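Engineer: Can you keep this structure in mind? I'll have questions shortly.
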Amino acid sequence: MTKEFNHTTVLLHETVDMLDIKPNGIYVDATLGGAGHSEYLLSQLTDGGHLYAFDQDQTAIDHAHIRLASYIEKGQVTFIRDNFRNLKTRLAELGVTEIDGICYDLGVSSPQLDERERGFSYKQDAPLDMRMNREGHLTAYDVVNNYDYHDLVRIFFKYGEDKFSKQIARKIEQARAVKPIETTTELAELIKSAKPAKELKKKGHPAKQIFQAIRIEVNDELGAADESIQQAIDLLALDGRISVITFHSLEDRLTKQLFKEASTIDVPKGLPFIPDDLKAPLELVNRKPILPSQEELEANNRAHSAKLRVAKKVHK
């Protein structure tokens with residue numbers, strides 16, 4: 001029996017519609033999650049089309065077996081329980097070397113945040129965990145209690161962009177010298193105590209950026225996204241498209257940079273023609289990110305920081 005898996009899909013129609021679905025095409029949902037994007041994408045396919053859906057969380061896959069049951073019966077969907085950084089390898093094992101489109105919904109899913117024992121949220125008391133793949137070895141407890149001061153400062157600055165990273169790392173170092181820091185509440189209170197009073201009056205939870213930083217470190221989120229998106233670009237067939245939803249500046253910056261590198265070429269100006277092997281493989285479909293509508297923002301608080309970028313394969 002699976003737990004309730006409530007998840008409101010962000011930018012649902014925009015993400016899938018921008019893939020310009022071919023009814024008999026081969027598609028990938030790199031981040032199955034609540035299966036919202038998968039369900040809508042499958043509704044656009046004929047019996048000749050197929051979807052490969054990745055997720056490293058078994059709970060998400062169990063839920064999707066219920067939500068997508070009618071498509072499973074027709075043999076239109078294949079679930080792959082793995083990190084999407086293994087995209088190319090896992091698809092190759094299934095005989096897939098080219099795809100017509102792929103979508104990503106990066107970051108942690110709402111059900112993972114809401115499931116207290118997963119330890120993702122600073123709003124609920126739970127053991128420090130934060131693993132998207134529950135079989136992974138590194139946990140938030142390991143990071144908080146075993147990383148030295150300099151490594152803590154590094155990840156807090158790099159992944160949390162918190163200007164009080166040094167003070168927070170020092171406070172953690174002092175606290176764990178007395179006893180291990182074991183819960184999300186303990187950590188959140190330590191973070192609050194390291195920040196000046198005027199900072200605590202600002203909008204947003206004072207622990208948000210540090211929790212984000214630890215979560216990214218535990219799951220190597222940016223490294224996995226970097227590897228996977230590059231593989232996806234390579235896998236795309238001509239005119240195939242890639243849609244990526246991001247939820248914070250680090251993810252968006254990474255996606256924007258990868259798309260830029262794949263859609264521009266470094267050749268001298270004035271060349272009479274550009275050889276095929278030097279042509280950029282991608283073309284940006286939207287120069288600026290697509291944002292949620294006002295209606296969606298009012299209906300789904302999680303959508304507030306969402307940005308969608310889309311690109312198309314124009315050269316192999």
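Including glycine, each Cβ sits where the backbone N, Cα and C put it.
Sharing the features that Swiss-Prot gives for it:
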type	residues	note
BINDING	A35, G36, H37, D55, F84, D105, Q112	S-adenosyl-L-methionine binding site
Engineer: Could you list the residues of the same chain, at least six apart in sequence, whose Cβ is under 8 A from the Cβ of F84 (S-adenosyl-L-methionine binding site)?
Structural biologist: A30, T31, F54, Y104, A224, A225, S228
Engineer: Tell me, how many other CB atoms lie within 10 A of the CB of D105 (S-adenosyl-L-methionine binding site), whichever protein chain they belong to?
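Structural biologist: Looking across every protein chain shown, the total is 26.
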